[in-house]
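The structure appears right after this line, and notes come after that.
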Amino acid sequence: MSFSVDVLANIAIELQRGIGHQDRFQRLITTLRQVLECDASALLRYDSRQFIPLAIDGLAKDVLGRRFALEGHPRLEAIARAGDVVRFPADSELPDPYDGLIPGQESLKVHACVGLPLFAGQNLIGALTLDGMQPDQFDVFSDEELRLIAALAAGALSNALLIEQLESQNMLPGDAAPFEAVKQTQMIGLSPGMTQLKKEIEIVAASDLNVLISGETGTGKELVAKAIHEASPRAVNPLVYLNCAALPESVAESELFGHVKGAFTGAISNRSGKFEMADNGTLFLDEIGELSLALQAKLLRVLQYGDIQRVGDDRSLRVDVRVLAATNRDLREEVLAGRFRADLFHRLSVFPLSVPPLRERGDDVILLAGYFCEQCRLRLGLSRVVLSAGARNLLQHYNFPGNVRELEHAIHRAVVLARATRSGDEVILEAQHFAFPEVTLPPPEAAAVPVVKQNLREATEAFQRETIRQALAQNHHNWAACARMLETDVANLHRLAKRLGLKD
């Protein structure tokens, strides 16, 4: 088989039709899966010796949340090291990263696999992976044809990453530095709430404004602070963390501002506080609502004038610190109750951010579950950790009062339990491995009982005829793709279609 000009043009057109990078990536992957008639395709971004899925087709949704470290995935490492098309034989001893992650084929190993490394100049920026259940599925495509596909994908990904770099550095194209992947804290989620939060982080990161991050316990407020710092001009300097809730009143002032030798009993030497440590960088004050009113007043002075006094010292020190604060309280209510200073609240909340709870993030729970499954796989040295359909359904309908932190602990516990019930290094998480209280799953919809007007043979043929019609429509009348969807041999499908009057 060879690609026609029309096929390549169609791929290029789909890339241009997309609205935004994510849509273009998804169109590319979906089109490639149809053109190459494969069971699964994925576009991956390369960053810090790991591949990060950007778009998938034919794979379980939790794949989008997984982070594939090269050390744990020899096939992906081989793709990263190669400068050209990589074909893995059906009998390859290297495990496929997608084994168990193709819906409907969880118990089968992937047979055919092709990897296409993507480059921008000499820099590896990503990869395309193509997988099929038939051992010779990609033999009909030459390396040259696959290189054309890789070139189109590399161009799309390179442009997207360059635009991302320009936006993050607030540069005009004429000032662009040589292509370099932008380091980012990975905030996993594609829900509207998380998409909006990521946009707001991009906006505020480039400024020097103080930020108040609010959200329930376990939603990931510290991750938001890290993302702001890493995308800011202060990223080359430290991000210093202080949990205000864990500060004893007796040492709180010293922790924040430092002390000099002899300032109090036990002060045997000079000590820098968190503000000094964060000079020219960022200070993250977690659980800011737990600070006493006395400390709030001293913190306000630092924000107003930019100077601090160590405990026991009469001299002032100038510091240049950006403050990011987080709380799980409603600070407006705390102000009204007299437990939080109104002037400090207004100083901190120049640019407020709200982190949505997990129960409002829809399918993000599955992406996050995939991320934690992959973490457990690496930590425990397992070959694979996958979610069953029942486990995914359970996760999507649980309320998660503890948010992302509760999900993380639940996945880790489930992996340990599942591992104990079966031998080998493969773990499949079932619903019974999760100990969630009072989870009410939606009942299956009751199907209406049809009035029988046909004999069994006629009813069976009518059902087969309609099923094939729907499969053909979904696969653009591609008989090979239709056969794979229906899990039957393509020759048998042709014979059945002729008998049913669907083919001449």
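Quick reminder: no glycine exception, Cβ is built from N, Cα and C everywhere.
Listed in Swiss-Prot for this protein:
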{"type": "DNA_BIND", "residues": "479-498", "note": "DNA-binding region"}
{"type": "BINDING", "residues": "215-222, 278-287", "note": "ATP binding site"}
{"type": "DOMAIN", "residues": "187-416", "note": "domain 'Sigma-54 factor interaction'"}
{"type": "MOD_RES", "residues": "D57", "note": "4-aspartylphosphate"}
> What kind of secondary structure is L285 (ATP binding site) part of, going by DSSP in three states?
Replying inline: strand
> Of the binding-site residues G215, G218, D279, which one sits closest to D57 (4-aspartylphosphate) when you measure Cα to Cα?
Replying inline: G218
> Just counting, how many other CB atoms are there within 10 A of the CB of T282 (ATP binding site)?
Replying inline: 24
> So for G215 (ATP binding site), how many other CB atoms are inside 10 Å of its CB?
Replying inline: 19
>> Neighbour count, 10 Å Cβ-Cβ cut-off, for D279 (ATP binding site): what number do you get?
In response: 17
>> Using DSSP, what is the helix/strand/coil residue split across the DNA-binding region (479-498)?
In response: 16 helix, 0 strand, 4 coil
